[in-house]
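Participant: One structure coming up, written as structure tokens, with questions to follow.
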Amino acid sequence: MTTKYIFVTGGVVSSLGKGIAAASLAAVLEARGLKVTMLKLDPYINVDPGTMSPIQHGEVFVTEDGAETDLDLGHYERFIRTKMSRRNNFTTGRVYSDVLRKERRGDYLGATIQVIPHITNAIKERVIAGAEGHDVAIVEIGGTVGDIESLPFLEAIRQLAVDIGRNNALFMHLTLVPYLAAAGEVKTKPTQHSVKELLSIGIQPDILICRSDRAIPANERAKIALFCNVPERAVISLKDVDSIYKIPALLKSQGLDQLVVDRFGLQCGEANLAEWEQVIYQEANPTGEVTIGMVGKYVSLPDAYKSVNEALKHAGLKNRLSINIRYIDSQDLETKGLEVLDGLDAILVPGGFGERGVEGKILAAQYARENKIPYLGICLGMQVALIEFARHVAGMDGAHSSEFKRDTPYPVVGLITEWIDEEGKVEVRTEGSDLGGTMRLGSQLCHLVEGSKVRALYGSDTIQERHRHRYEVNNTLLPKIEAAGLKVTGLSADKKLVEIVENPDHPWFVAVQFHPEFTSTPRDGHPLFEGFIQAAGEYMKRHLN
């Protein structure tokens, strides 16, 4: 079957939730038995978001094949079963980089390189490659219609719709329909102007998703349909909801999936949303609440830890517990003291980079260890747990990571000096290597030790988890740390690198080098987070009694 394309654009303002709306539609189409994939086209000049500040951009989502991508790909994987790859996200910078490399190589035979056709052709080629082998490809264009940065992408999808035939392409536009309290009504003019902007570049939207804080009345939807030249049934009201996992059912109730199926002439059954109904039921009916302290350096923007936040909530669903995440700036532990950790049922230290706030994270790991509070360390969260244990239990005073202190007497964590690149070649890295694309990335095999907590949680002796780091546990200092009581319970495929450590003298103290949050979904959860939240619930009950 010819792949059908749904191009998703946004207008009026940014942060309307294009990614979640697109992923929700994908979930309903998948529930109808269609093979669906999603792509995100980002208009910034960075080659990828790998070196961008999480406070500016939010989290970097890592795919199975090791691509550093936009956090929207995390939404895609949480809503549909299809796994994303480096083909599912690309930026203006990546496209220009490819085109310029071809120009230097002489591929264009002396032609003048222009946005049209060279850049737009490169965009179209990447979209087609990413969509290959699927019934439906939903392609989200980052940014807002009217932004200068988005123009090459919008021109490329306009051309692509012509190339593949309009019966194989559909344009879905998200807009804001604000409510003015003074007038006591919603206003449609911003939507009309946004569509006018889209029309000026040759794109007539087929479906309008109208975002608002309330349901949009039928008469206003009719008005939008009239002025924006779309059928009334193609004006979808998407009001604010208390859970993003309600959106698939909300879109289905307005017939959006049927509209798409009819437009493309697809033969498929009705959508079965039973799994999503179960998620919503679990979310609405918790039996208790636990407070998780997330100790990090990017806590001013919770989206910097988007997948961790969601993974905790997924584990809450499985344990029938409501999750209250208390964001704690790790520097506050250094300046305000340990009282900021009072009242927590568990402590989580997520990944991060740079020296700022590291001592606060080490204090959090020490507090959790000494007070028997459930602890989950992720990536840097494992490294600080190791440093803390080395300093205060193993007698290695001044132990640190060479990332933060070059002259530490005990570099218990050190730089990966040799790694395998995307093409399978050995790459030597030093302190002076580029920051972009020089990490251990993607899904890696991990061996679990028999009798360990993680072996019981996963129910398997090998697992696959995703990595994003350039520093590893220093094996030469490991025997002394293990002799003091910390146990290595997970090892890399070649059994040379430490992936998981546990403290057997603690009710629940697990720290991992990988990022388990990237594989957690609302329907399936993740065993590590489920075990962590279960331990938090047990800790909460013990202290209530």
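Even glycines carry a Cβ here, placed using N, Cα and C.
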Participant: Of ASP72, ASP163, ASP303, which one shares the ATP site with SER15, LEU16, GLY17, LYS18, GLY19, ILE20, LYS239, ASP240, VAL241 in Swiss-Prot?
Facilitator: ASP72
Participant: Could you look at LYS102, LYS223, LYS246 and say which one Swiss-Prot places alongside SER14, ASP147, ILE148, GLU149, LYS187, THR188, LYS189, PRO190, THR191, GLN192 in the CTP site?
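Facilitator: As annotated by Swiss-Prot, SER14, ASP147, ILE148, GLU149, LYS187, THR188, LYS189, PRO190, THR191, GLN192 share the CTP site with LYS223, chosen from LYS102, LYS223, LYS246.
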Participant: Given that Swiss-Prot annotates LEU380, GLY381, MET382, GLN383, GLU403, ARG470 as binding L-glutamine, state which candidate in GLY343, GLY352, GLY354, GLY442 belongs to that site as well.
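Facilitator: So the L-glutamine site in Swiss-Prot includes LEU380, GLY381, MET382, GLN383, GLU403, ARG470 plus, from the candidates GLY343, GLY352, GLY354, GLY442, GLY352.
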Participant: I'd like to confirm something. Which of the binding-site residues, SER14, ASP72, ILE148, LYS189, has a Cα closest to the Cα of GLN383 (L-glutamine binding site)?
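Facilitator: Closest candidate to GLN383 (L-glutamine binding site), judged by Cα separation, is ASP72.
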Participant: Whole-number Å distance between the CA of MET382 (L-glutamine binding site) and the CA of THR191 (CTP binding site)?
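Facilitator: Each residue's Cα considered, MET382 (L-glutamine binding site) and THR191 (CTP binding site) end up 48 Å apart.
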Participant: Going by DSSP, is LYS189 (CTP binding site) sitting in a helix, a strand, or coil?
Facilitator: helix
Participant: What is the separation, in Å, between the Cα atoms of LEU380 (L-glutamine binding site) and GLU517 (active site)?
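Facilitator: Here the two Cα atoms lie 14 Å apart.
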Participant: Let me know the largest Cα to Cα distance in Å among the L-glutamine-binding residues GLY352, LEU380, GLY381, MET382, GLN383, GLU403, ARG470, as an integer.
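Facilitator: Among the residues the record ties to L-glutamine, max Cα distance equals 14 Å.
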